[in-house]
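For 6-373, the entry in TrEMBL reads domain 'MnmG N-terminal'. Here TrEMBL flags GLY9, GLY10, GLY11, MET12, ALA13, GLY14 as FAD binding site.
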Amino acid sequence: MSDVLHIVGGGMAGSEAAWQAAQMGVDVVIHEMRPEVETFAHKTGNLAEMVCSNSFRSDDSEQNAVGLLHWEMRAAGGIIMAQADAHRLPAGGALAVDRDPFAEAVTAQLMAHPQISVSYGEITELPDQGHWIFATGPLTSSALGRAIQAETGSEALAFFDAIAPIVYFDSIDMSRAWMQSRYDKGDTEEERTAYLNCPMDRDQYEAFIDALLAADKAEFHEGETAGYFDGCLPIEVMAERGRETLRHGPMKPVGLTNPHQPDVKAHAVVQLRRDNALGTLYNIVGFQTKMKYGAQADVFRMIPGLEDARFARLGGIHRNTFLNSPTLLDARMRLKSRPNIRFAGQITGVEGYVESSAMGLLAGRMAAGDILGTNIAPPPPTTAMGALVTHITGGADARTFQPMNVNFGLFPPVEGLKGGRRGRKDRYKAYTDRAKSDWRDWLDATQSEAIA
Ligand SMILES: Cc1cc2nc3c(=O)[nH]c(=O)nc-3n(C[C@H](O)[C@H](O)[C@H](O)COP(=O)(O)OP(=O)(O)OC[C@H]3O[C@@H](n4cnc5c(N)ncnc54)[C@H](O)[C@@H]3O)c2cc1C
């Protein structure tokens, strides 16, 4: 078998994967279809092109999960972070990047590496032989998308996301909300209490509909046409179809009794469902939306019980190719049905430049480990890298899997710390201290294995 690592897609994830593997001494070929075949979002033929905003978000590695991911990637000698730092623009606590010089510098550095070559052209099949990483991103070409579907089944590859907002459980007011499945369905107590319910009276419902209709909405991009979201309409579109539509859809109040007010029949009920095995995150069922982010937080905090809600992520609908990774990938990001193939980046169901690069970093190291004969274990879930990869490869609920940003809700709790808003600063510091220590240990262990 060939010792070369083939990486399909030279975006954020593919570039980082290539760098990591080459730095470990492995020969790498990057297969990139641009500029020969274009996407609607990319504008250049550069590797690691940032397609939209120029922000890597917060750079605070003590109090912010994405800042922690920056820290871990820097500690691992990542090319994306090194070049982002070299092309940093003033942006307060955020890491903003001068996008064209950044992408040009990543491209030049990768091309100059003696163990990396770039082959331009579209890959349209999943190969049977050799070591491969597919990092073709949210705009994976159609031909390759069809090949992936043929391998995984059409249900396991989505071409758009329909993201309902996700709320931190510890920010929900349980003196107003309660746990109950509709009609108490389920064989176990856990199933009978699988949903978190927030009741509304008529006035609250009417005010909510007014706010929904008035809220600022984002435009649809090319490819996000109505055909894509049949069956998962944005809530504001449902509200536009009639003020009662939501009460007969995701907000229907039937089969539920509010234990706080057993004699009062709710006019509408918003349901939230557990989003991760840890039970720290809940998604608002059926609440995919194109409302702008600022408007979403205001509108959703009108829901009784969510007045102080903190959001792990807000809702959206985008053109986005991604796998049902919890069912398809093993813990080392290999396709279970074809372990010679790994996936990395946004196609694995993470979201954003930083998260995509991070998953490239892991896939590159693990694939290089396979070639070098060292079996690199995934990092522990107490690190930002480990929390993210654990979520996509098993921690998330496969039935409702949607792309995810890194956030502290993905981390196993640190015991003995104060909960709620008051304890947040100390809690996040404890998460990030633990993560940094565990990430250093993981790097040391995998590096010494690779050298041994
Ligand atoms: C319209 C749009 C706007 C976005 N805005 C933001 C934003 O503001 N901030 C943010 O953080 N994220 C944004 N994203 C998400 C962003 O795409 C990812 O964060 C990041 O670029 C994903 O990295 P990746 O490496 O997985 O994919 P990409 O960076 O897209 O890289 C994938 C590469 O694979 C190549 N490719 C695809 N198919 C093939 C094939 N068959 N053969 C060979 N090469 C192929 C593509 O040309 C591309 O270079 C946006 C996405 C879209 C579509």
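Even glycines carry a Cβ here, placed using N, Cα and C.
Please treat TrEMBL annotations as automatic predictions, because they have not gone through curation.
Annotated features, which come from TrEMBL, shown on the structure.
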residue: GLY9; record: FAD binding site; Cβ contacts under 8 Å, 6 or more apart: ILE30, HIS31, GLU32, PHE134, ALA135, THR136, GLY137, THR140, GLY345
residue: GLY10; record: FAD binding site; Cβ contacts under 8 Å, 6 or more apart: ALA18, ILE30, HIS31, GLU32, ARG34, LEU47, ALA48, LEU110, VAL118
residue: GLY11; record: FAD binding site; Cβ contacts under 8 Å, 6 or more apart: LEU47, ALA48, GLU49, ALA135, THR136, GLY137, GLY345, SER356
residue: MET12; record: FAD binding site; Cβ contacts under 8 Å, 6 or more apart: ALA48, MET50, ILE80, GLY137, GLY345, GLN346, TYR353, SER356, SER357, GLY360
residue: ALA13; record: FAD binding site; Cβ contacts under 8 Å, 6 or more apart: ALA135, GLY137, ALA344, GLY345, GLN346, SER356, SER357, MET359, GLY360, ALA363
residue: GLY14; record: FAD binding site; Cβ contacts under 8 Å, 6 or more apart: ILE7, VAL8, ILE30, GLU32, LEU47, ILE133, ALA135, THR136, ALA344, GLY345, GLY360
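Taking the mean position of the Cβ atoms of GLY9, GLY10, GLY11, MET12, ALA13, GLY14 as the FAD site, the remaining residues of that chain whose Cβ falls within 8 Å of it are ILE7, SER15, GLU16, ALA17, GLU32, LEU47, ALA48, ALA135, THR136, GLY137, ALA344, GLY345, SER356, GLY360.
Annotation note: ALA13 (FAD binding site) sits in a helical segment as assigned by DSSP. Mean pLDDT of the predicted structure over the domain 'MnmG N-terminal' (6-373): 94.
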